[in-house]
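*Asks:* Submitted below is the structure of interest, expressed as structure tokens.
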Number of protein chains: 2
Amino acid sequence: MSQWREIEGGVTAPRGYKAAGITAGLKPSGLPDLALIVSDVEAIAAGVFTTSQVRAACVDYCRQRLQAKSSARAILCNAGQANASTGSQGWLDTLESAMLLGQALNIPSESVLIASTGVIGCRIRMDALKAGIPKLVAAASATGSDDAAQAIVTTDLVTKSVALETTMGDRPVRIGGIAKGSGMIHPNMATMLAFVTCDAAVSPSLWQQMLSRAADKSFNQITVDGDTSTNDTLIALANGQSRTPAITEMGAEAEKLEAMLTEVCQRLAKAVARDGEGATCLIEVQVSGATDEESARKVARTIAGSSLVKSAIFGRDPNWGRIAAAAGRAGVPFEQENLQIKLGNFELMQNGEPLPFDRAGASAYLKQTAEDSSLPKEAVATNMSNDFSVVEAGISLPFDRANAPQQRIDNPVIIAVSLGNGSGFGKAWGCDLSYDYVKINAEYTT
Amino acid sequence: MSQWREIEGGVTAPRGYKAAGITAGLKPSGLPDLALIVSDVEAIAAGVFTTSQVRAACVDYCRQRLQAKSSARAILCNAGQANASTGSQGWLDTLESAMLLGQALNIPSESVLIASTGVIGCRIRMDALKAGIPKLVAAASATGSDDAAQAIVTTDLVTKSVALETTMGDRPVRIGGIAKGSGMIHPNMATMLAFVTCDAAVSPSLWQQMLSRAADKSFNQITVDGDTSTNDTLIALANGQSRTPAITEMGAEAEKLEAMLTEVCQRLAKAVARDGEGATCLIEVQVSGATDEESARKVARTIAGSSLVKSAIFGRDPNWGRIAAAAGRAGVPFEQENLQIKLGNFELMQNGEPLPFDRAGASAYLKQTAEDSSLPKEAVATNMSNDFSVVEAGISLPFDRANAPQQRIDNPVIIAVSLGNGSGFGKAWGCDLSYDYVKINAEYTT
């Protein structure tokens with residue numbers, strides 16, 4: 001089954017990529033805030049962006065760039081200011097950012113893609129960005145992925161990074177990725193960013209199709225609170241430096257590549273969900289028996305996003321009625337007489353009717369699963385203290401995020417639902433709803 | 001403007017109706033749990049029901065009844081067990097309930113409509129119901145609306161009741177209503193029920209159309225946590241006892257009646273939203289400038305349902321960025337350059353860009369509005385203590401719900417959004433997201 005193996009190196013694991021992350025002075029906290037990913041050669045580029053009508057300038061910019069040509073050399077990401085709802089000046093700032101990086105790298109500005117995250121309605125601190133770009137370019141290295149992963153986060157508890165390797169012919173092909181998540185601690189922060197690199201050679205249209213399908217099975221299947229951001233961006237580069245034959249149509253090699261791309265996106269997406277604000281555990285919802293995959297995914301997403309289900313999991317309550325109710329309102333037709341629900345190994349509902357089950361055992365399963373994947377307390381404390389206001393209050397951050405342990409995403413709480421006899425199967429991921437979610441999002445001293 | 005005046009009497013305010021509410025022993029708490037509304041004559045009946053695929057037996061039953069004939073004499077409502085996910089036995093229990101009430105009232109069981117609320121997966125306690133029905137029928141009176149309003153609630157803080165009167169020709173026409181809300185304190189409880197009575201004479205198809213449109217502008221525009229119930233039911237009776245001419249098509253009289261019906265539904269809906277779990281205030285979102293009404297309502301609903309917006313209001317934080325982001329993801333196209341946002345009298349955003357505003361003043365507006373509509377502390381304390389587990393723990397309820405003051409719904413927090421130059425306007429109502437929401441929904445000792 002395992003068509004790939006996990007390797008080190010994040011976005012610089014594939015051949016022909018360098019990355020960097022520095023402190024340019026964009027964030028008030030003094031933490032790293034400017035990231036670069038650069039390919040040695042022009043790479044095929046695909047993107048998936050927020051569907052919101054209120055979009056940051058960088059999202060419109062990337063869309064236009066990728067429509068004009070489906071390749072790029074570099075991705076520049078600034079953290080601190082979202083550059084959304086900033087009008088025409090925000091648009092000019094994005095253009096200037098691309099121009100400045102293009103000049104520093106000696107490449108056309110048309111080959112630069114831009115992503116921003118931070119406070120909505122705030123312009124990028126252009127002086128700091130301008131001064132930072134030469135340092136950023138100088139810092140770029142083939143081992144720079146972790147620095148870049150550090151510099152794109154805002155108030156995430158941990159960085160998110162993955163790299164996988166497979167073989168095509170005799171040669172290794174690698175895909176790496178970094179992401180930032182839904183640590184929306186500062187009011188107005190609500191961005192999901194993910195950058196994926198690959199060294200395979202693949203045609204532009206096929207790469208975009210693969211990425212869109214992978215996004216539908218990963219980032220589009222996670223939910224923390226249902227609030228889509230103005231800045232959501234997923235960009236994937238494929239630079240051909242693996243020296244494997246070009247993949248130009250679907251077939252065995254293409255399927256292998258797409259499967260690995262999907263796995264990279266799913267691991268990053270799960271890490272983002274696990275790091276949701278105030279979350280104590282990762283929830284995986286598996287829906288089977290639907291008429292098609294899309295229906296299955298829709299029901300899975302609805303269950304993963306239900307405030308009542310999320311609250312119940314936080315309360316370690318095997319509350320199947322809420323799962324049934326969420327499935328029922330997903331907008332997907334099914335016969336309730338066929339409904340089955342499992343929580344871990346506990347069968348809770350069959351043929352649309354409740355089953356007797358070991359309630360204490362099911363509750364213990366929820367407790368144990370959450371404990372197994374918990375972060376150290378100081379990490380949670382840091383997450384609770386607004387990155388921005390902590391710094392404004394003159395207090396330094398107590399938590400060393402760079403050396404934090406990675407959260408475990410391999411042991412989620414599993415909710416399995418069957419709707420009937422169809423072949424449609426889909427998964428979604430979310431996290432529980434805790435007091436801390438409300439605390440994080442309500443606390444703001446005006 | 002005011003085409004009607006508020007009167008006393010709830011569902012028994014219109015002529016020709018009686019109501020009752022008694023304690024039949026369905027709820028473990030010993031609080032009233034069986035309600036009846038009965039018309040002196042067969043009344044035109046219209047209904048709007050949950051769109052969930054997982055539906056209580058009573059919902060399917062009412063749908064079938066109203067398809068077969070669009071009239072009814074009586075509504076029986078039991079609180080304590082939802083009779084959802086109870087399979088074929090649940091269906092038989094609903095049929096038997098209708099038969100028993102029909103016999104007691106000496107009317108055909110086909111003229112009885114049934115509603116249930118309570119725990120999903122639990123059958124109605126039929127012995128208690130059977131013994132209760134003769135007492136219920138005996139208790140029915142022309143002043144029984146408050147008793148019925150008491151008996152349909154589960155864990156609501158207050159009862160919801162309204163009655164309005166207008167004049168057609170020289171004669172008074174009245175509409176009354178009672179509702180129960182989203183006090184989903186006990187895990188699995190998630191029902192919205194509303195019963196409306198009217199003494200006008202109106203044709204069945206017109207009455208159903210009026211009710212559907214009124215529901216779209218009221219109950220379908222409120223959200224507490226986005227979790228649609230298995231039992232949601234809105235039934236409206238019109239018995240013609242006002243002795244006014246029959247209304248059979250749209251025109252001045254029909255519009256007048258529909259406006260009053262809509263107002264009754266909106267007042268009940270707002271009361272349900274205000275009484276949302278853990279809520280400290282009612283939020284009204286007004287969206288204008290959309291291309292059509294449906295688009296405006298959709299954007300309003302999305303903003304009212306945003307966890308980030310709700311958390312910000314709980315934090316008394318005039319956080320316009322979250323309002324803009326929620327508007328953007330509603331699935332309704334608009335130009336972000338046209339976006340305007342107001343909070344109370346504070347203009348926060350214009351032409352898609354932030355405005356300088358009095359942040360402390362806007363925060364004070366949120367604080368004051370919430371304080372103005374707050375309930376006494378003991379009411380909140382009761383809401384926090386699970387009705388069921390309190391009783392199981394042998395503690396009696398400290399809060400006299402019957403004599404509780406009504407919550408104010410006339411002074412909501414107002415969020416006004418304009419999307420452009422269209423004529424589409426719509427409103428939605430919600431409540432803030434507090435620690436108590438999570439506490440209420442997570443606390444459950446297994």
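Note: Cβ is positioned from N, Cα and C throughout, glycine not excepted.
Grabbed the feature section from TrEMBL, which reads as follows:
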type     : residues                                                   : note
BINDING  : A:Thr154, A:Lys180, A:Thr191, A:Glu277, A:Asn441, A:Thr446 : substrate binding site
ACT_SITE : A:Thr191                                                   : active site, nucleophile
*Asks:* Which number gives the other C-beta atoms within 10 angstroms of the C-beta of A:Thr191 (substrate binding site), all protein chains shown included?
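*Replies:* Looking across every protein chain shown, the total is 27.
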*Asks:* Once near-sequence residues are set aside, which residues in the chain of A:Lys180 (substrate binding site), 6 or more away, have Cβ atoms under 8 Å from its Cβ?
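*Replies:* Same-chain residues close to A:Lys180 (substrate binding site) (Cβ under 8 Å, separated by 6 or more) are A:Ala79, A:Thr117, A:Ile152, A:Val153, A:Thr154, A:Asp156, A:Lys160, A:Thr191, A:Met192, A:Leu193, A:Ala194, A:Val272.
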*Asks:* In terms of DSSP three-state secondary structure, what is the assignment for A:Lys180 (substrate binding site)?
*Replies:* strand
*Asks:* Mind giving me a neighbour count for A:Glu277 (substrate binding site)? Other Cβ atoms within 10 Å of its Cβ, every protein chain shown.
*Replies:* 30
*Asks:* Count the other Cβ atoms sitting within 10 Å of the Cβ of A:Thr154 (substrate binding site), across every protein chain shown.
*Replies:* 27
